[in-house]
Ligand code: ADP
Ligand code: ASP
Ligand code: MG
């Protein structure tokens, strides 16, 4: 059985006309002899509207009920598309996460997939042409509905492709593939034909929402070829795949930015063993992801601790820190939400130096102050003021020669 997994995002399923385009793609693959598993997102804007509605009803919505609410977006998409597919003569049916089941842990709103019952799915594929699976959702071992984090339908698609050993996982979206930077921010962004899993992991983790980071982690782990392409054009898109020597020649392959950032500084905490643990352990226990961390050099037995988190977690984190004040003995807790991360990414950085200093020089030329710096083997990230994000992305993109072709040397 030749199995193809396709995932369609929110803009691709928004309304009847667009769903007809999806149907045409599904029919084409069916005629080519594939059995299809199609994962769908909620229509564009639906998940946001449901989340906003929940906040009208409750200042602090119960996480389990919130997941029950937001899964309805995908439920509507799969039901409507299955109707369309059946009317077109395909043997199709919808499947919600719990019906497969896609079993997850119980971390509501950001659950991780633990298991997918492939025996059942394969059995269902025997007498169906297309199974239409609700993206973004699963069920925990207590039978409660869960969701996989924003953008989680990508992960549903890749997890299904891995579990079913599909030939490829096609991710259909509103742009032609993965670009050197967000094409909606930088008009001369260039589409990449291929990108390595590691570079895609960094792009996703640094804010390029074209693929959810967990989907890339799974694709890398199970070696699933992922093709990102547009529902609306015939462009072959971008293949996310294993790194090869040709890719290593490329110094910088992309620029990412993430506006969902917030910087917190805890001033004058005691500079003694255990202080970092006292601050970050309760934050981690509350399920809050901390990104960049800087501890300043201590003076007179005191130091400052600065870190970044997602804006949605600001109030929760400040409340935790207030509670900790007597333990860590801090003088002041400051925060700034008008910050943004900009990252330069490329596997070539493993073997070439100079990218960081070039990035700092380029930002300096535009008079952009760097607030924090973080690096990995293949990435340099700077936290800057949010108002400079477009200028920074365009400057770095052009200076690293990404519009003309991949940069092979530092500018
Ligand atoms: P979908 O609803 O199909 O899942 P998303 O909105 O989640 O689509 O992701 C697609 C969007 O990702 C694009 O419209 C684009 O603005 C954004 N994006 C950010 N960085 C990149 C990049 N490097 N390449 C392509 N798209 C990017
Ligand atoms: N509907 C969910 C979201 O908006 C999941 C997805 O579209 O991938 O985040
Ligand atoms: Mg998405």
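Here the Cβ of each residue, glycine as well, is placed from N, Cα and C on the backbone.
As annotated by TrEMBL, ATP binding site applies to 7, 8, 9, 10, 173, 174, 179, 209, 210. Among the features that TrEMBL reports, substrate binding site is placed at 47, 74. Among the features that TrEMBL reports, domain 'ACT' is placed at 264-347.
Overlay of TrEMBL feature records on the structure.
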residue: 7; record: ATP binding site; CB count, 10 Å: 29
residue: 9; record: ATP binding site; CB count, 10 Å: 26
residue: 47; record: substrate binding site; CB count, 10 Å: 24
residue: 74; record: substrate binding site; CB count, 10 Å: 30
residue: 173; record: ATP binding site; CB count, 10 Å: 24
residue: 179; record: ATP binding site; CB count, 10 Å: 26
residue: 210; record: ATP binding site; CB count, 10 Å: 22
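Rounded to a whole number, the distance between the Cα atoms of residue 74 (substrate binding site) and residue 9 (ATP binding site) is 10 Å. Checking the binding-site residues 7, 9, 47, 74, 179 against ligand 3, the ones whose Cβ sits under 6 Å from it are 9.
Remark: secondary structure over the domain 'ACT' (264-347) totals 30 helix, 33 strand, 21 coil, with classes taken from DSSP. Among the binding-site residues 7, 47, 173, 179, 210, the residues whose Cβ sits under 6 Å from any atom of ligand 2 are 47. Proximity to ligand 1 at the level of Cβ atoms, with a cut-off under 6 angstroms, picks out 173 from the binding-site residues 7, 47, 173. For residue 47 (substrate binding site) paired with residue 173 (ATP binding site), the C-alpha to C-alpha distance reads 16 Å. The average pLDDT for the domain 'ACT' (264-347) in the predicted structure is 92. Separation of the C-alpha atoms of residue 179 (ATP binding site) and residue 74 (substrate binding site): 27 Å, rounded to the nearest whole number.
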